[in-house]
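Notes to accompany the following structure.
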Amino acid sequence: MSKPLTIADLKTMARRRVPKMFFDYADSGAWTEGTYRANEDDFFKIKLRQRVLVDMTNRSLATTMVGQAAAMPVALAPTGMTGMQHADGEMLAAQAAEEFGVPFTLSTMSICSIEDVRSVTTKPFWFQLYVLKDRGFIERLIGRAKQAGCSALVVTADLQILGQRHKDIRNGLSAPPKWTLNSALQLATRPQWCLEMLRTKRRGFGNIVGHASNVSDLSSLGAWTAEQFDPRLSWDDIRWIKDLWGGKLIIKGILDEEDARAAADTGADAIIVSNHGGRQLDGAPSSISMLPKIVEAVGDRIEVHFDGGIRSGQDVLKAVALGAKGTYIGRPFLYGLGAMGKPGVTAALEIIRKEMDISMALCGKRDIQTCGHDIIADVKF
Ligand code: FNR
């Protein structure tokens, strides 16, 4: 394929390069995938207001998220096992984000560790925390994020139990993984990917292996991970984390106005309106359809961020117009990473920036920070 022009182009390229089980891992939602599809489809229900003959020179997409500068209102979302889309994936994505000037969020379930990412970056990145049952491990993990200079902690609230994705089960992608002839065939047809993986030693969950008690190798890791998500997690735990961390705190996975108010009550700095990219509660509304209600409920008390279904810069513009101070992309950067490694992540960010810039100009605006409801012509969710 020639130079990718859209996120969909990057997705096609990633599908060709990444073994099916790992491509599917990124490209799947829970159960029927109805919420996953709605996340993308509902953006088409928002119509932008075309304006003409206004000065469109000297445009700016620059903004801040939790007080930190961002070249545009887009951060890389935390995604588990990113290092399986491309060897050393988290390190490459973090470098691409740093060079572009947008925040990178490292997942607890990353292949490269906090220290690995720290070793290849010069500016602070953000760390995403799953509050697992082993609270001693969580305390140590937060200590490591502080030590690495992470400048925001993103606590994920919507994964007390794991949603079910049929593709992962069929591909044997479980904890522990089930290796079959089919998985061997999937790997065999992607030799380039395999060669790159052979060159790196980073394959397990880097934040966990060797750091959680009794997790020393991939098989003990599988058993440990399978039972670590905590169904008892509560708002008290969020307050405990907030005190322990002491820095910028973002609560991720809010899709309900009542939960948004409870999140604002904790004194956190921001929430992320999110349904985990349609990977948790299939049947939940699309993320974008809930954004206006949540902004209405708490927008004057807490910074409201957004993720889910963004596939273009125009989608970012629409989310900002509906009240998001910042947004996150998950799959778009994973497709870029899978397609071409670090240049692919940069390409995803470039594509989004260009689409956002042109769309903003054609809405008659020069500064993303002034784009509000006045650029929306119509919304029907
Ligand atoms: C995720 N997401 C996620 N969220 C989180 O808080 N911690 C994690 O480890 C992961 N892991 C993960 C893996 C993969 C492969 C995907 C696609 C997503 C959810 C992610 O942060 C974000 O909410 C969604 O990806 C946003 O939707 P889009 O941009 O992918 O449509």
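Each residue, glycine too, has its Cβ placed from N, Cα and C.
Going through R140, R144, R165 against TrEMBL, the one listed in the glyoxylate site together with Y25, H276, R279 turns out to be R165. Close to T156 (FMN binding site), meaning Cα to Cα within 10 A, are none of the binding-site residues out of Y25, R165, R279.
In this structure, T156 (FMN binding site) is part of a beta strand by DSSP. When the binding-site residues Y25, R165, H276, R279 are ranked by how far their Cα is from the Cα of G308 (FMN binding site), H276 comes first. Cβ neighbour counts within 10 Å, taken over all protein chains shown, single out S274 as the most crowded of the binding-site residues T156, S274.
Other residues of the same chain near the glyoxylate site, with their Cβ within 8 Å of the Cβ centroid of Y25, R165, H276, R279, are S28, G29, A30, G163, D168, G277, G278, Q280. Within its own chain, P78 (FMN binding site) has T105, L106, S107, T108, S110, Q128, V154, T156, K252 as residues 6 or more apart in sequence whose C-beta sits under 8 angstroms from its own. In the three-state DSSP reading, P78 (FMN binding site) counts as coil.
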